[in-house]
Amino acid sequence: MSSAAQQQQKAAAAEQEEVEHGPFPIEQLQASGIAALDVKKLKDSGLHTVEAVAYTPRKDLLQIKGISEAKADKIIEAASKIVPLGFTSASQLHAQRLEIIQVTTGSRELDKILEGGIETGSITEIYGEFRSGKTQLCHTPCVTCQLPLDQGGGEGKALYIDAEGTFRPQRLLQIADRFGLNGADVLENVAYARAYNTDHQSRLLLEAASMMIETRFALMVVDSATALYRTDFSGRGELSARQMHMAKFLRSLQKLADEFGVAVVITNQVVAQVDGSAMFAGPQFKPIGGNIMAHASTTRLALRKGRGEERICKVISSPCLAEAEARFQLASEGIADVKD
């Protein structure tokens, strides 16, 4: 068999696997008796997959114009048949988790404490003070996620929401050169959007979902997830509204990770804690966003500065990773191991 025929066969097998395991296009609800017009209403409201419908609360479906209580119940029943949300055995879950892909960070030491790299299907939060390497740690996976699986990649595209205006395509070209990838192809495979306020940032997630149903994405970056909340909401009077808005945004991110299996990486800013000990040990930093941000993140990483371009990453919380530290370096070609 020729190499072209083998590639075609491999692509067909991958496509068949996606059909069997999802995400399922929302149009599949029509086969379960849902009218095409109602499917269009769901799609127009930002629900592009059957999974998205299955994860949506009934009261949210009722807010969609033209969806009555009877229709909502019928839609929920149809979605639950395609995407079962009941119990499964721990052995089945274990088998599914063995198939989870990790995207390399570019540093072997960092990959080691992450047990392979950035995990797909979950949210990884990176926080630290300015110049601690948060944005650089977002740029490198945008390239490495395009690598083949056997090279620590995800064989998919990247999506980047930039709230601070710090995204630099030329850095991606330098990183692509390091990994032997075509620079033009790498840039073409990164979808970029600048977010200007918290509402716009949330709307971009709806657009992201429609893009992910069309093509394979392996990574989604939001840099920073909290920057706009610090400016759009001010004072204690708006604290409750800020936290509610942030909780909905983070929940939408988790839904994208669940629906499409993408690795979601978000950066977070910090605030200095000034107390009596700061006089002797220097100011201590804590991430903003409170408990809502802490609970939304699957894996939480803290960055701090070392000597020169050296940075230290510490695993703060994770359901399966040990609390550990790794040293890495900020280089022109992205995140790399420290050269002793």
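From the backbone N, Cα and C atoms, a Cβ is placed for every residue, glycine too.
Features of the protein shown, as given by Swiss-Prot:
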COMPBIAS  1-14  compositional bias 'Low complexity'
REGION    1-21  region 'Disordered'
DOMAIN    49-78  domain 'HhH'
BINDING   Gly128, Glu129, Phe130, Arg131, Ser132, Gly133, Lys134, Thr135  ATP binding site
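Listed in sequence order, Lys134, Val270, Phe285, Ala302, Leu303, Arg304 are the same-chain residues six or more apart from Gly128 (ATP binding site) with CB atoms under 8 A from its CB. Take the mean position of the Cβ atoms of Gly128, Glu129, Phe130, Arg131, Ser132, Gly133, Lys134, Thr135, the recorded ATP site; other residues of that chain with a Cβ within 8 Å of it are Leu303, Lys305, Arg311. Within 10 Å of the C-beta atom of Gly133 (ATP binding site) sit 22 other C-beta atoms, taking all shown protein chains into account. Phe130 (ATP binding site) counts 9 other C-beta atoms within 10 Å of its own C-beta, drawing on all protein chains shown. Annotation for Thr135 (ATP binding site): same-chain Cβ neighbours under 8 Å, separated by at least 6 residues, are Glu164, Thr166, Phe167, Asp223, Thr267.
Neighbour counts were taken as the number of other C-beta atoms within 10 angstroms of each residue's C-beta; across the binding-site residues Arg131, Lys134, the minimum falls on Arg131. Under DSSP, the residues of the domain 'HhH' (49-78) split into helix, strand and coil as follows: 21 helix, 1 strand, 8 coil. Once Cβ contacts within 10 Å are tallied over all protein chains shown, the binding-site residues Glu129, Ser132 are led by Ser132.
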